[in-house]
Protein chains: 2
Amino acid sequence: MSETIAIDAELVERLLHELARYGAWGDTGVVRKVYTPEWVGAQQQVMRWAEESGLHARQDAVGNVWARLEGLEGGPSIVTGSHIDSQAPGGRFDGALGVIAGLVALRTLRERFGTPRRTLELVSFCEEESSRFPATNFWGSRAVTGLIGPDEPETLRDYDGVTIADAMRAVGLDPRRIPEAKRDDIDVFIELHVEQGPILEQQGLPVAVVTGFPGIRHYLVEVRGRADHAGAMPMDLRQDPMPAAAEMISAVIARAREIGRPAVTTVGRVLVEPNFPAIVPEKVSFTIDVRHPDPAALSELCAAHEETLRSIAQRHGREVSWRITTSHPPCSSDPELVQLFLDAAAEQEIPVTTMPSGAVHDAQRMAHIARVAMVFVRSVGGRSHTPAEFTTTEDAVAGIQVLTAGLHRVAY
Amino acid sequence: MSETIAIDAELVERLLHELARYGAWGDTGVVRKVYTPEWVGAQQQVMRWAEESGLHARQDAVGNVWARLEGLEGGPSIVTGSHIDSQAPGGRFDGALGVIAGLVALRTLRERFGTPRRTLELVSFCEEESSRFPATNFWGSRAVTGLIGPDEPETLRDYDGVTIADAMRAVGLDPRRIPEAKRDDIDVFIELHVEQGPILEQQGLPVAVVTGFPGIRHYLVEVRGRADHAGAMPMDLRQDPMPAAAEMISAVIARAREIGRPAVTTVGRVLVEPNFPAIVPEKVSFTIDVRHPDPAALSELCAAHEETLRSIAQRHGREVSWRITTSHPPCSSDPELVQLFLDAAAEQEIPVTTMPSGAVHDAQRMAHIARVAMVFVRSVGGRSHTPAEFTTTEDAVAGIQVLTAGLHRVAY
């Protein structure tokens, strides 16, 4: 097969537009946190579309939606898809485009080539962003790979204190049944996703095949002091946690800047208690997000950050402590799959490159049970995790064409 | 008169305990923001106690409670009191002790000495802390001194976006009638308050007479950047506002530390948007509270802080802007009143000193229309604006005894 596989651009645009209504935020944004009414609506919409496309759709015990195109030979599945939840607010492409891409790919393959040799499946993962529960760590793909601990449902809490078990029950899911979502019959997982960074734009290319994924560690740091009156307590007698926290934040970001690409460090969340102008704070908490594709370099950077926290706390005479809320080692795509998708892109005459991912993805979790690879499409201005996120329909269609041609090579 | 004026310690303790029920927070704290149900309950309780003590109580148009002991000679009033609202959470002494002290003083004077020569009044100001509306700037004493602008009720908003006019209407007050709260018949205002700092404790003294008040300026600073994905956007291409904001916070606090007493600078409130671990922030906002008793030194410190904000923003290539939400010049107590209260303390054989206030107080506003002074009582550990705030009954009683003896000298 070396003919062009045409992708219906109008269909892609329509599905993106309609999916973005669930949790619409402003003109272009989406707030679709796991186990909320908007999330329920979006997953049901994906199931309807899948059924309309001739696939057999179901929701698993954790809330992932699966849609199946049974192959003649049976055997382990070739899966494509991404996550349905969003940042708060995020854009309409992150995750959603991968779900729609998988749907369009399977629909196109079925319409044009009929029943595949091997079974193809679409997955719409319930949760990837940790935008509601800070410590979910890829709830959807962890359920599929059997990596959710038995105590987690009743102990993980959202930013309002609701347990994830209660959130599941509120949408009709039984947290005790999470183990039933585990799969051991997946051979390949391919995820299409927006790049979320500026590399493809800088190179003038629409599509990349992803060679590997960064290691990531999330810290939740607490610096404790003593609340006092902002006027009556002299500077020299304060136990203000703020200057130590501010210095820590400056220092960890500065270190990642010095090291340069591909090291990154982000302080995206700060909470002050009690957070009033005329009160010296009792406590300052903040997150540190650290990423690096090289395991040794990631460990080294994290160790340096921890030493920074300790030494600044000591110099200021403040108490500091931290918890690691997320930790994933770096991992690689399957080299054969990478080559197969590069070949598919060449065959479709779509300009393509390879690159490591800066973001973490469900594919990293799926690598525990399957061979994985990813297809990235260009992000305008490299923007993501913001309503300003945008990818042109032309680039989305180019990515879906590569995905579809690659899946055709694997499954037909 | 040189006899001891006995203060009923059990009464003081009981009133403090009962008042602390309105908005109780944990074991020792209070959250009593202006125009909330807890606030309504507390002001009504003060009115009941005043009536029980033989005073004529009323609530004015802005919600201040007044209780009057008419003098034989009439003429302008001698007023004592403080504010009924609290930080969120604050302690049970800040403001409340001054209201109770005034109540106990007037009750004690009436019981022991009968009708005064000059009219005595208690005031329980509706609002002083800015804990609900960040820009109220002493709402209660500003109404009494006629300093509330006509547009303020409909434009000042609380942290949830509610206007202060709506908040007033919700508790049965008509914001259009605020001008009726203005007084031009007050000669003297004396406020008893907890020190809120560690000076009296360090000197081993229970009571001070306050010689003057700091100037204060509150800034609300915004540093703007661009939201991006915490993994996919390289450090060198970010427009992260966080490192600039953290450096500004460090720098302004460090400068006040270097200058030393009596200069203070506090960053008590930080808000990050969107405040998620995996999103490079779009915006970081924070407050700066700057105080100094010397007007020139205050201006100099504020100018230095502004220059710091500008130069750090420029170095980081970020946009910074700020609003000044509160600004009060320093002011002095009336020297004759200071001497009168020192004499009263000596007569009562209560060890006393003089000191400038570190905190700002309603007395500063009242200085626009009256001669003012304050009585401070010792704060354990100098703690305030926290539920850990504490003053012993013995010290509270010593302060109330000085207040009562001083009021006797002025009004009988």
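Glycine too: its Cβ is placed from the backbone N, Cα and C atoms.
TrEMBL lists A:H83, A:D94, A:H193 with the feature Zn(2+) 1 binding site. In the three-state DSSP classification, A:D94 (Zn(2+) 1 binding site) falls within coil.
A:D94 (Zn(2+) 1 binding site) has a Cβ environment of 27 other Cβ atoms inside 10 Å. If you look up TrEMBL, you'll see A:D94, A:E129, A:H385 marked as Zn(2+) 2 binding site.
Filtering the binding-site residues A:H83, A:H193, A:H385 for a Cβ under 8 angstroms from any Cβ of chain B leaves A:H385, in order along the sequence. Listed in sequence order, the residues A:S82, A:F93, A:G95, A:A96, A:L97, A:G98, A:E128, A:E191, A:V194, A:H361, A:D362 complete the 8 Å Cβ shell around the Zn(2+) 1 site centroid, once A:H83, A:D94, A:H193 themselves are left out.
Calculated from their C-alpha atoms, the gap between A:E129 (Zn(2+) 2 binding site) and A:H83 (Zn(2+) 1 binding site) amounts to 8 Å. Taking A:H83, A:D94, A:H193 as the binding-site residues under consideration, the smallest Cα distance to A:H385 (Zn(2+) 2 binding site) is found for A:D94.
Non-local contacts of A:H83 (Zn(2+) 1 binding site) by the CB criterion (under 8 A, 6+ apart in sequence, same chain) comprise A:G95, A:G98, A:V99, A:S124, A:F125, A:C126, A:E127, A:E128, A:E129, A:G140, A:D362.
Most Cβ neighbours within 10 Å among the binding-site residues A:H193, A:H385: this distinction goes to A:H385.
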